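Feature list (source: TrEMBL):
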type: DOMAIN; residues: 1-251; note: domain 'Band 3 cytoplasmic'
type: DOMAIN; residues: 306-839; note: domain 'Bicarbonate transporter-like transmembrane'
type: REGION; residues: 106-129; note: region 'Disordered'
type: REGION; residues: 256-301; note: region 'Disordered'
type: TRANSMEM; residues: 337-357; note: transmembrane segment
type: TRANSMEM; residues: 369-398; note: transmembrane segment
type: TRANSMEM; residues: 418-436; note: transmembrane segment
type: TRANSMEM; residues: 448-466; note: transmembrane segment
type: TRANSMEM; residues: 551-569; note: transmembrane segment
type: TRANSMEM; residues: 589-607; note: transmembrane segment
type: TRANSMEM; residues: 627-655; note: transmembrane segment
type: TRANSMEM; residues: 676-701; note: transmembrane segment
type: TRANSMEM; residues: 737-756; note: transmembrane segment
type: TRANSMEM; residues: 763-782; note: transmembrane segment
type: TRANSMEM; residues: 811-835; note: transmembrane segment
Amino acid sequence: RWIKFEEKVEDGGERWSAPHVPALPLHSLFQLRTCLQKGTMLLDLDATSFKEIIDKALSEQPEEAELQPALRERLAALLLLQPQHQPTKSLLQLLAELGLSPCRGRKPSCPTRHPPTASSPPRTQVSKTPLKEQLRNRFKKKVPPGAEAAHVAVGEVEFLEKPFTAFIRLRHGVSLGSLAEVSLPSRFLFILLGPPRVKAYHEVGRAMATLLTDELFQRVARQAEHREDLMAGMEAFLNELIMLPPGKWDPCARIPPPSHLPAPRRRTAVDPLDQQPHGNGDMTAAGDGASPGHPRSGEELERTGRLFGGLLRDIRRKAPWYGSDFSDALHPQCLSAVLYIYLATVTNAITFGGMLGDATANMQGVLESFLGTAFAGFIFCLFSGQPLTILSSTGPVLVFERLLFSFSQDHSLDYLEFRLWIGLWVAFFGVVLVATEASHLVRYFTRFTEEGFCALISLIFIYDSLKKMLSLADAFPINWHYRLDNVTSYSCTCNLSRLFNPILACLTTLQCPPLPSIQSPPATPAGLSRTQCLDQGGHLLGTSCQYVPDVTLVSFLLFGGTFLFCTALKRFRSSRYFPVGVRKLVSDFAVILAILASCAVDALLGLETPKLLVPSELKPTNPARGWIIFPFGANPWWVCLLSAVPAVLVTILIFMDQQITAVILNRREYKLQKGAGFHLDLLCVSLLMVVTSVTGLPWYVSATVISLAHMDSLRKESATSAPGEHPEFLGIREQRLTGLAVFILMGVSVFMAPVLKHIPMPVLYGVFLHMGVTALNSIQLMDRVRLLLMPAKHQPDLAYLRHVPLRRVHLFTVIQLLCLALLWLLKSTVAAIIFPVMV
């Protein structure tokens with residue numbers, strides 16, 4: 001059987017072989033050409049049953065090949081017998097058969113090779129209705145929707161003196177009852193029966209089936225009006241044939257299907273009816289118009305020449321899809337994406353919130369980071385042009401906040417009021433950029449810029465996750481000097497002697513002040529716990545008082561285990577184990593399963609690893625500030641005008657950070673159908689700057705790595721694929737609901753603190769590392785970096801290596817790496833404020 005690749009019934013007769021590329025003897029193709037030239041050919045035959053087709057084929061033979069009436073009757077009776085199909089059985093069915101009849105040992109014949117001869121056991125004729133075995137055959141799940149069947153019947157018949165050949169194309173697909181392995185409408189039939197010849201007919205039949213699975217020959221076969229049209233299609237197939245020399249490979253070896261198949265090239269010489277519509281409704285021309293609302297390439301970045309023209313075009317483009325942005329989210333995959341991105345966003349908010357608190361004396365802290373992320377992200381996902389984007393605080397914004405706070409402290413300015421005016425100016429400049437369609441400059445962002453920016457952000461994620469893990473060694477020092485042999489010398493006791501100093505002092509005075517009420521210490525000071533000892537004013541004495549369990553080592557195990565578990569489960573989709581439905585489910589929920597497994601390991605060990613702590617009260621981190629920042633009162637009046645200068649730098653930062661991320665997310669390879677909204681996204685970010693500045697919340701732009709992780713968790717693949725064919729990437733599940741759900745959960749995280757406190761921080765850092773590595777591997781730069789370390793003979797067959805000299809590829813890569821290193825050094829200094837200009 002063939003769908004796209006060949007499968008054979010193994011010699012044991014109990015199973016189908018693995019799919020493989022068919023290898024044909026050249027002689028069989030020449031014999032097939034002769035059969036098509038001289039045999040019976042019926043095009044657009046109107047028939048409703050298999051018997052009617054056979055009667056027509058036997059009655060309309062060429063005069064030189066006409067059969068005697070008696071032979072026609074015997075041949076018709078032979079062809080109308082019910083073929084013996086090899087059913088596709090599940091593992092449970094095979095085990096059940098093995099248990100019920102362990103000694104059965106029959107060997108069925110291979111139905112695809114030879115029809116029964118006169119000496120075969122009597123069998124029924126082909127049924128006009130499908131059999132129960134056909135309707136229940138599990139193989140039908142592998143058949144693409146809209147497929148039709150082609151039947152190839154070849155074999156040796158002793159009562160024939162010369163071969164009988166017929167090629168039949170039905171005008172419409174007709175169900176031929178129990179003839180096919182699964183119940184499908186049939187369109188083509190090829191029959192070749194003749195006197196005994198060793199293996200010849202079988203190879204000709206394989207050649208015919210291989211031709212019918214070729215997309216371009218299939219198109220010719222559907223449209224051919226004469227025998228010459230069909231022969232022209234076969235000649236074109238032969239022209240593209242690639243020969244393998246004998247002795248250079250094993251003919252018995254099965255060539256595995258390739259991971260990617262090239263697109264079929266157009267054969268103008270073969271398509272005499274190229275302008276005619278296809279005979280099959282499911283084969284549409286490649287040039288058909290796209291679905292309504294799908295923009296032409298680059299339309300989002302074309303200038304209209306009118307104020308807010310690009311914004312209005314974005315709104316008109318996205319409005320028809322708004323309803324489907326919610327209905328398209330009704331899929332289990334979206335639940336996995338919500339949980340994954342929620343935990344990543346929570347970790348990011350805590351990390352940046354803590355760093356903001358350190359940089360601004362808690363004027364902005366973890367609670368402000370939570371509330372700002374929830375509000376800004378929710379509004380952005382509700383109204384933006386690309387709702388798959390996840391907003392977050394970024395490194396360059398954090399650097400600016402630190403510099404701004406230091407400047408305010410040095411010049412005795414109110415930090416939050418100064419920041420408010422900067423935010424208002426940035427929002428104004430952002431609206432001006434939207435009005436003047438400045439986003440069209442995005443079209444000049446090249447792969448060089450995109451990859452450099454994406455690589456930098458990915459490396460920041462990887463670096464920060466490793467830095468956080470290494471910092472655990474300070475809080476939980478590793479016990480390098482612990483020796484088991486010295487355990488008898490380790491001790492720690494509680495010293496409460498300070499509590500009795502007032503008693504000793506009053507003995508030297510005439511009148512003793514009233515002594516504080518002191519509980520009698522226990523008989524053994526060691527009976528007090530560490531916390532009780534310190535609460536009562538004591539202090540610890542001994543060589544093992546600073547001993548803590550190896551929390552750091554266990555944390556690194558959780559960190560690395562989560563990363564490896566995420567990576568392994570994500571790749572489980574392409575595994576050979578378990579049915580495809582199970583593999584897809586495990587792959588979709590890979591990150592969640594990894595987090596749950598790591599949390600379970602942590603709970604079993606019972607060590608006090610650092611846990612996820614979220615704020616439990618809705619009040620500002622710094623009690624000296626309120627929730628509303630007033631524009632006047634604390635600073636001189638001229639600060640509102642001076643704020644325009646730093647606002648220009650922040651505007652450049654926001655524009656570059658937002659738009660480069662938008663370009664990366666809207667790449668063609670993601671096959672997005674609903675279009676982008678560069679102007680609308682920038683407007684949303686600009687207006688959110690007003691709200692976050694007035695409330696003293698952090699500023700937000702698109703987070704490259706988290707947004708890429710969001711898109712990766714929503715990848716769509718074809719539900720059915722032919723045996724041996726890899727699932728086809730269909731695009732991204734474009735919708736708004738996952739982002740909205742993530743930020744709603746962010747907002748209620750304050751009330752979920754009792755649950756979230758059981759998640760170890762090393763597990764979330766492992767997820768961070770996974771996100772950074774995944775984003776880094778998604779860019780071409782990493783492929784070219786690997787080429788630097790590979791000898792030429794081991795380098796993969798990449799398309800650009802065929803057309804670009806290797807030294808030019810290496811030069812391009814080295815320049816890109818140098819620019820990336822410059823950006824990294826710049827980011828690590830106080831000059832990071834000019835980071836967007838350098839990009």
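The backbone N, Cα and C atoms fix where each Cβ goes, and this holds for glycine too.
TrEMBL entries are annotated by machine, without manual review.
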Criterion met for the transmembrane segment (763-782) and the transmembrane segment (337-357) (at least three Cβ pairs under 8 Å): yes
Ranked first among 589-607, 676-701, 737-756 for CB pairs under 8 angstroms with the transmembrane segment (418-436): 676-701
Tertiary contacts of the transmembrane segment (448-466) (same chain, 6+ residues out, Cβ under 8 Å): 351, 394-395, 559, 660-661, 663-664, 704-705, 708, 765-766, 768-769, 771-773, 775-776, 778-782, 812, 816, 819-820, 823-824, 827, 839
Range from 337-357, 589-607, 627-655 with the greatest count of C-beta pairs under 8 A to the transmembrane segment (737-756): 337-357
Reported mean pLDDT - the domain 'Band 3 cytoplasmic' (1-251): 79
